[in-house]
Amino acid sequence: MALPYHILLFTVLLPSFTLTAPPPCRCMTSSSPYQEFLWRMRRPGNIDAPSHRSFSKGTPTFTAHTHMPRNCYNSATLCMHANTHYWTGKMINPSCPGGLGVTVCWTYFTHTGMSDGGGVQDQAREKHVKEVISQLTRVHSTSSPYKGLDLSKLHETLRTHTRLVSLFNTTLTGLHEVSAQNPTNCWICLPLDFRPYVSIPVPEEWNNFSTEINTTSVLVGPLVSNLEITHTSNLTCVKFSNTIDTTNSQCIRWVTPPTQIVCLPSGIFFVCGTSAYRCLNGSSESMCFLSFLVPPMTIYTEQDLYNYVVSKPRNKRVPILPFVIGAGVLGALGTGIGGITTSTQFYYKLSQELNGDMERVADSLVTLQDQLNSLAAVVLQNRRALDLLTAERGGTCLFLGEECCYYVNQSGIVTEKVKEIRDRIQRRAEELRNTGPWGLLSQWMPWILPFLGPLAAIILLLLFGPCIFNLLVNFVSSRIEAVKLQMEPKMQSKTKIYRRPLDRPASPRSDVNDIKCTPPEEISTAQPLLRPNSAGSS
C-alpha cells in the first residue's frame with residue numbers, strides 16, 4: 001500500500017529538522033578536587049578536628065559557577081551535563097574563577113537580581129523572555145476558531161500548594177515544640193512580595209554533621225543574598241587560608257576546611273556577609289559561619305490580625321517566627337534544658353525543605369507575575385492591532401464570528417469583596433470609638449488590667465494601713481493593762497499588813513478620828529491575826 005504524498009514528504013524532510021544537542025561539558029576533573037566537610041561529635045559541646053572525605057581517584061566531578069562576569073571570557077559555547085544546559089569558556093582574566101587560561105562552566109541563567117554585564121547569561125534571559133512573549137502572542141492572535149489561552153503548562157509549573165502546606169505544617173510543629181505559650185489560634189503568614197530570608201546560625205552543640213553526601217555536581221556562587229541574621233554570637237565559623245579576621249569574638253568555634261572546594265549537606269549553608277552559599281572554593285577573606293535558612297514568616301494572633309487589618313495608628317509588634325523559635329533555642333542553650341534537640345532538628349528539617357522548595361516557589365511566583373504582566377501588555381497591543389487591521393470588516397468580534405470576545409477581569413469582584421470586608425471592620429471600629437470614654441478605655445484595658453491588682457493593693461495599704469496599725473497598738477495596750485490588773489492582788493498580798501489591839505474595841509458611835517490610840521503593833525503575815533487571851537479563852 002502506497003503512503004500518502006504528505007506523509008512521504010514529511011518522512012523525507014524529517015531528518016533535516018532534527019536539532020543537534022550541545023556537546024557534553026568538559027569541566028570535569030579526576031584528581032579529587034572536591035572534598036567534603038565532616039564533623040565528628042564526641043559529645044555535646046565538643047567538636048573533633050575537622051576531617052574531610054575525598055572521592056576516590058578517577059571519580060569525575062562537575063563544577064559550575066552561578067555567576068560569571070562578561071569581562072572574564074571572549075566567547076562562550078553551550079554544553080550539557082545531566083540534561084541541563086551550561087555555558088563554557090576559557091578565562092582571560094587572572095582574577096576570574098579558575099584563573100587565566102582555565103576552561104570553566106557556569107549556569108545558563110544567573111540568579112535573580114544579578115547581571116553579568118551584558119554577557120551570555122543576560123542574553124539568554126532576554127531571549128527566554130522574548131520567546132515567552134512570542135508564544136503568548138501566537139496563541140492569542142491565531143486565526144483559528146477562538147478557544148482561549150492554554151495555561152495548562154503554566155498551572156503545572158505553579159503547583160506549589162503541597163509544598164506550602166508542608167512548609168506551614170513543619171513551622172507549626174516547631175513552634176509548638178519550642179514556644180512556651182503553645183499557641184492554638186494563630187495565623188502564620190508568608191508574604192508574596194520578596195523579603196530577605198532569615199539566617200539561623202547552627203548551634204555548636206548540634207551533632208548532625210556526620211551525614212554522608214554523594215554528589216558529582218558542585219555549584220559555586222551565592223544562592224541567596226540580603227539575608228537577615230537573627231543573632232551574631234556563639235557562631236561556628238570557617239577559617240580559610242586567606243581569611244583576615246580570625247580573632248572575631250562572635251565565633252565560639254573555628255574549623256579549618258581543606259584548600260579545595262567544600263560543600264555542606266542539604267539544609268545547611270555557608271553565610272558570608274549577607275549571602276548564602278552551598279559550596280565554597282576554599283578561599284574567602286570575609287568571615288563565614290554555618291547556618292540554617294528559614295522563610296520570613298510572621299505569626300499573628302486573632303487580635304493582632306484584627307489590628308493589622310483595621311490599620312490602627314499604633315499596632316502591637318508581632319513576633320517573627322525565626323526570632324520566636326530562636327529565643328527557644330537560645331534559652332535551651334543557656335539553661336541546659338532539652339529544647340536544643342527539638343529546635344535544631346526543626347530548623348534542619350525546615351531548612352531542608354526550603355533548600356529544595358525556595359527556588360521553585362520563588363520562580364513560580366515570579367513566573368506567574370511576569371507572565372501576567374506580559375500577557376496584559378501583549379493582549380492590549382494585539383487587540384489594538386487587530387482592531388486596526390479588521391476595521392473594514394467590523395472589528396475583531398465580527399471578524400472572528402463571535403458574539404462576545406471581551407475579557408472579563410474577575411479580579412474586580414475580589415477587590416470589591418475585600419473592600420466590603422474592610423468597610424465592615426472599619427464601621428465596627430468606629431462604633432467602638434463612638435461609645436464614649438469607655439471605648440477608649442476598652443482599648444487600653446488589656447494593658448491596664450495586669451497592673452490594677454497590685455495598684456489597688458498599694459492604694460488600700462496606704463489608706464487603711466495607719467488605722468489598722470493604731471488598732472493593733474490599742475489592742476496590745478489593752479491586753480497589757482488587763483494583765484496588770486490581774487497581777488495586782490498578788491502583788492499586794494506580798495506587802496506588810498497593820499492591825500490595832502483587840503482588847504480595846506472601838507465604840508460604835510465614836511468617830512474614827514476621835515479615837516486615841518497608840519501605834520499598832522507590827523506583825524507578820526505569817527502570824528495569826530487572833531491570839532488567845534490570858535485566861536486561855538479564844
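Numbering starts at 1 and runs along the chain as it is shown here.
Positions of Cβ are set from backbone N, Cα and C atoms, glycine also.
Annotated by Swiss-Prot as region 'Fusion peptide', the relevant range among 257-277, 320-340 is 320-340. Here Swiss-Prot gives motif 'CX6CC' for one range in the set 289-297, 361-369, 397-405, 469-477: that range is 397-405. Among the residue ranges 78-81, 186-189, the one that Swiss-Prot annotates as motif 'CXXC' is 186-189. When Swiss-Prot is compared with the stretches 23-39, 193-209, 380-396, the one noted as region 'Immunosuppression' is 380-396.
Cβ neighbour density within 10 Å is lowest for ASN169 among the glycosylation sites ASN169, ASN234. Just so you know, the Cβ of ASN281 (N-linked glycosylation site) picks up 19 other Cβ atoms within 10 Å once every protein chain is counted.
Under the three-state DSSP scheme, ASN169 (N-linked glycosylation site) falls in the helix class. Classification of ASN281 (N-linked glycosylation site) by DSSP places it in coil, neither helical nor stranded. Comparing ASN169 (N-linked glycosylation site) with ASN234 (N-linked glycosylation site), their Cα atoms are 29 Å apart once rounded.
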